[in-house]
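J.: Structure below; questions to follow.
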Amino acid sequence: MALRDVLLSVAQTPHRLRRRALVTWTPAQELNEVRDRSGARMARRLEWYDLVGLGVGGMLGAGVFVTTGRVARDTAGPAVFVSYVVAGVSALLSSFCYAEFAVRVPVAGGAFSYLRVTFGEFVGFFGGANILMEYVLSNAAVARSFTDYLASTCGVTEPNAWRVEVEAIAKGYNALDFPAVALILLLTVCLCYSTKESSTLNMVLTAFHLLFFAFIIVASFWNGSARNMVTPGGLAPYGVRGVLDGAAVVYFSYIGYDSASTMAEEIRDPARALPVGIAGSVLIVSALYCLMSVALCVMLPYTEITESAPFSSAFRDKAGWRWASNVVGAGASIGIVASLLVAMLGQARYLCVIARARLVPAWLAKVHPSTGTPMNATIFLGLCTASIALFTELQIVFEMISIGTLLAFYLVANALIYHRYAKLGATRPLHVLLFLLLLTLSSIGFSLSRRIDGKWRWGMALFGAMSVAVVAIFHCTAQQGATRPPSEWTVPLMPWPAAASVFLNVFLMTTLKVRSFQRFGIWSLVITIFYVCYGVHSTYTAEENEIVNAMIHDANADILS
């Protein structure tokens, strides 16, 4: 591109932003002309049980083996199972919103596609880029945790025994994790080969993983003591605040159901399979998370839980079952592989669809004609994930995890309300936007009141009542969306489930540490700059070219006629 063209594009940036930032696409356009930009189409080879397996496999290994021990020891105490209940309820409500959108827009873009058809290009890109960041970071964290459990399987107790420490690199980034890199690269090759075979591999791994879960739960209750749940500091030694703070941290464990929604293009019967797969997997996993967290805290007092491979350590040090410690390490390793497999499936499809929208280079959107997989996106993100897993310690990664997921789920819940009432129904858009603004503000007021000492209970009561009143008034005054075919699944009792999802996501976001918001702010600035400097110009230029080509085609047709 010539310097003159670059300068012209820069000068036209405000105009192009006005033209592109709020432009929306219809579900029909997403399903046809936008999807055709990938060339070959993804093969529809998955059934509803594949989706349940992908959802369960994607969530199980990530949370219970990576965050449970840390949250139980430092944040929530033995009441960590309550943290999982809170996070599970929020995830279930969000999964309902995802399921309805996935049925209406069965493409691989997940939150990006749902937000783009509702609020426009920039909001879609902002939400999609945030959850994509969450995928890459959480996958890096899960891969490094795999090294801990694999070492534990072989009887190695030193956390960094299988990592290479380099003194010349800054602390926190100097423990090089080559087993994690090898795992990520191996799974990248598998995912490039076939989605159906990857799903079959996940089903096998998940079946073994569930057997290990059953063993851990039974053995923990057999060898543990209920007294450990209340000593030394009681069930909730860090108080209600600690339990809720823990819920925000463990929330990233539920990102796996979002991966299931990104498989919508590869499902044979999306209308039936997506609601069952997305919501059903959340319910199953929530129950297992609660049982596993109780099992860990029954085994030993929360103050003695180790940071590295806590389940293996509990069996080795307290139960005296060294052989069981090795078995648990092997089971955790298998579960982590399944979780990583599904999450890497999801992240590649996010990037593929963002590339279809021309917001990142178009070569990332290509689907390989013989394998039916987004090979370029899979390889690119596999290399990014491996790079982070090689250098970055878990604690640094954890500080960025959850906030992007919570924000994306918050935006999707807002989008469902707006789509149902403003785009499909007869309610005026301004009325719906005002409701969403008041709901968000009252949710923020409730959440911040909890953090203020003194008369915080009055503030919580006031803003909580205000949130309920706002939803009730909107429910009574707004007109429901247009009627839909009987085959389409919809969220019942709207707008209450989506409004509750908005409230809970805001609430959980306010429990995160300041450093999480600082790093999130930096990432959001990077996203915005990238969109202004590249995305808006790429989509604007592509639109102009399409208009010109359409005019030439019409002119040629007139001449021939």
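Positions of Cβ are set from backbone N, Cα and C atoms, glycine also.
Here the structure is a predicted model, which means the values were calculated and not measured.
According to TrEMBL, the protein has these features:
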- 48-67: transmembrane segment (TRANSMEM)
- 79-101: transmembrane segment (TRANSMEM)
- 113-133: transmembrane segment (TRANSMEM)
- 175-194: transmembrane segment (TRANSMEM)
- 201-223: transmembrane segment (TRANSMEM)
- 235-257: transmembrane segment (TRANSMEM)
- 278-303: transmembrane segment (TRANSMEM)
- 323-346: transmembrane segment (TRANSMEM)
- 396-418: transmembrane segment (TRANSMEM)
- 430-448: transmembrane segment (TRANSMEM)
- 460-483: transmembrane segment (TRANSMEM)
- 489-508: transmembrane segment (TRANSMEM)
- 489-538: domain 'Cationic amino acid transporter C-terminal' (DOMAIN)
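Show me how these features fit into the structure around them.
T.: Beyond the transmembrane segment (48-67), the same-chain residues lying 6 or more positions past its ends with a Cβ under 8 Å from any Cβ of the stretch are 84, 138, 141-142, 145, 149, 196, 199, 202-203, 205-206, 209-210, 213, 249-250, 252-257, 259-260, 263, 267, 269, 272-274, 276-278, 280-282, 284-285, 288-289, 292-293, 309, 311, 332, 334-343, 345-346, 394, 398.
Residues 63, 68, 71-72, 110-111, 113-114, 235-236, 242-244, 246-251, 253-254, 257-258, 261, 274-275, 278-279, 282-283, 285-286, 289-290, 293-294, 296-297, 409, 412-413, 415-416, 419, 489-491, 497-498, 500-501, 504-505, 508 of the same chain lie 6 or more positions beyond the ends of the transmembrane segment (79-101) yet place their CB under 8 Å from a CB of it.
If you look at the transmembrane segment (113-133), the same-chain residues 6 or more away from its ends with a CB under 8 A from one of its CBs are 20-27, 30, 98, 101, 105, 107, 255, 258, 347, 350-351, 353-354, 357, 359, 400, 404-405, 407-408, 411-412, 415-416, 418-419, 423, 523-524, 527-528, 530-531, 535, 539.
Only residues 6 or more beyond the boundaries of the transmembrane segment (201-223), in the same chain, are considered here, and those with a CB under 8 A from a CB of the stretch are 50, 53-54, 56-57, 60-61, 190, 288, 291-292, 295-296, 298-299, 311, 314-315, 318-319, 321, 324, 327-328, 330-332, 334-335, 337-338, 341-342.
Long-range contacts of the transmembrane segment (235-257) within the same chain, counting only residues at least 6 positions beyond its ends with a Cβ under 8 Å from a Cβ of the stretch, are 54-60, 62-64, 66-68, 70-71, 75-80, 82-84, 86-88, 90-91, 95, 98, 131, 134-135, 138, 229, 278, 281-282, 285, 289, 302, 339, 342-343, 346, 398, 401-402, 405-406, 450, 507-509, 511-512.
Beyond the ends of the transmembrane segment (278-303), by six or more residues, the same chain brings 51-52, 54-56, 58-60, 63-64, 68-69, 72-73, 77-78, 80-81, 83-85, 88, 91-92, 95-96, 98-99, 102, 213, 216-217, 220-221, 223-226, 228-229, 231-233, 237, 250, 253-254, 256-257, 260-261, 310-311, 314-315, 317-319 to within a C-beta distance below 8 angstroms of the stretch.
Sequence-remote contacts of a segment are chain residues at least 6 beyond its ends whose Cβ falls under 8 Å from one of its Cβ atoms, and for the transmembrane segment (323-346) they are 54-55, 57-62, 64-66, 110, 135, 138-139, 142-143, 145-146, 149-155, 183-184, 187-188, 190-191, 195, 198, 201-202, 205-206, 208-209, 211-213, 215-216, 219, 255-256, 258-260, 262-263, 309, 311-313, 315-316, 378, 381-382, 385.
Long-range neighbours of the transmembrane segment (489-508) within the same chain, counting only residues 6 or more positions beyond its ends whose Cβ lies under 8 Å from a Cβ of the stretch, are 86-87, 89-90, 93-94, 96-97, 99-100, 103, 244, 247-248, 251, 271-272, 274-275, 402, 406-407, 409-410, 413-414, 416-417, 420-421, 436, 439-440, 443-444, 446-447, 467, 471, 474-475, 478, 480.
Across the residues of the domain 'Cationic amino acid transporter C-terminal' (489-538), the predicted structure has a mean pLDDT of 87.
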